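**Q** The structure follows.
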Amino acid sequence: MAVEMFYDADADLSIIQGRKVAVIGYGSQGHAHSLSLRDSGVEVKVGLKEGSKSRDKVTEQGLDVDTPAEVAKWADVIMLLAPDTAQAEIFTKDIEPNLEDGNALFFGHGLNIHFGLIKPPANVTIGMVAPKGPGHLVRRQFVDGKGVPCLIAVDQDPKGEGQALALSYAAAIGGARAGVIKTTFKDETETDLFGEQAVLCGGTEELVKTGFDVMVEAGYEPELAYFEVLHELKLIVDLMYEGGIARMNYSVSDTAEFGGYLSGPRVIDADTKKRMQDILKDIQDGTFVKRLVANVEGGNKELEGLRKQNAEHPIEVTGKKLRDLMSWVDRPITETA
């Protein structure tokens, strides 16, 4: 079944312009949403806890800021863009006591609603607007008169206005200039988590580290291994990003293309696919989210342990040394702090 797509001509910007919007959180997405909503003629306030380091930045950029509870009380549309693991507490403490009949609660990701970590009252519209790009790109494209494609979804719609409101919001941050795709909280959440775990973060990271280990254990210099399995990965991903797998294969040498066809299926085989299916099942049945919640309730001890273990891999030592030679590479905060 083809996805439903919407564009500026399908959206009524006046809907969101007639509402008061609170954006809770001012990270990557929060700043892009807030500034673009304001520039689209929407009345916006940003919700940040007292003492937040981002408060000065908000006021410097000409936006009003108050506590999450106060902006939730003021608004009739609340966009919750705090980290996933903080959202349930913010909802219970700051948002739920201030919700009124007819309010709308929006999210940039469906995890907390789909897995029942947040249970909103039945008289509130529950929607999602999820740009498919980082906040700095969302904002830059908006300023340039363009946009980043967005997903929208409605999980609860007591007044029958959810889709029109979500589409209007997406248009106000530039999404409808590029295209807005209708989905569900379930599909957005499960596909997003699977992509992160099996391919983008977990899968790619382990592939790179294992490739590095194989070469170093075979006697090759760590510096050569780093260049071949990590540094050059960006070149390949950029080609795929621009034109798909076909563009990448067209652009590399015949030797690389031929070798990739022969050896790729030996690395990622039917057993790998079965394990990826198991990962998807753990996401779908809530196994992963239960472990995520247990980690948070345990003070992030499991996550901190995994971070420490990962940081000690030899590829990190080699990489830092080589990046010192690369004047064109922006140094990450982990190496400049």
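Glycine too: its Cβ is placed from the backbone N, Cα and C atoms.
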**Q** Look at the NADP(+) binding annotation in Swiss-Prot, where Tyr26, Gly27, Ser28, Gln29, Lys49, Ser52, Ser54, Asp84, Thr85, Ala86, Gln87 are given, and name the residue from Gly133, Gly135, Gly145, Gly147 listed for that site too.
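**A** Site partner of Tyr26, Gly27, Ser28, Gln29, Lys49, Ser52, Ser54, Asp84, Thr85, Ala86, Gln87 for NADP(+), according to Swiss-Prot: Gly135.
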**Q** Indicate the candidate from Lys49, His109 with the smallest number of other Cβ atoms within 10 Å of its Cβ, considering only these recorded positions.
**A** Lys49
**Q** List the helix, strand and coil residue totals of the domain 'KARI C-terminal knotted' (184-329) as derived from DSSP.
**A** 122 helix, 0 strand, 24 coil
**Q** Measure from the CA atom of Asp192 (Mg(2+) 1 binding site) to the CA atom of Ser28 (NADP(+) binding site) and give the result in Å, rounded to a whole number.
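**A** Checking the Cα atoms of Ser28 (NADP(+) binding site) and Asp192 (Mg(2+) 1 binding site) gives a distance of 17 Å.
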**Q** Return only the integer: C-alpha distance in Å from Ser54 (NADP(+) binding site) to Glu228 (Mg(2+) 2 binding site).
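**A** Here the two Cα atoms lie 39 Å apart.
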**Q** Other Cβ atoms within 10 Å is the metric here; tell me which of the binding-site residues Gln87, Ser253 scores highest.
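**A** In terms of Cβ crowding, the pick is Gln87.
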**Q** Which whole-number value in Å describes the distance between the Cα atoms of Glu196 (Mg(2+) 1 binding site) and Tyr26 (NADP(+) binding site)?
**A** 23
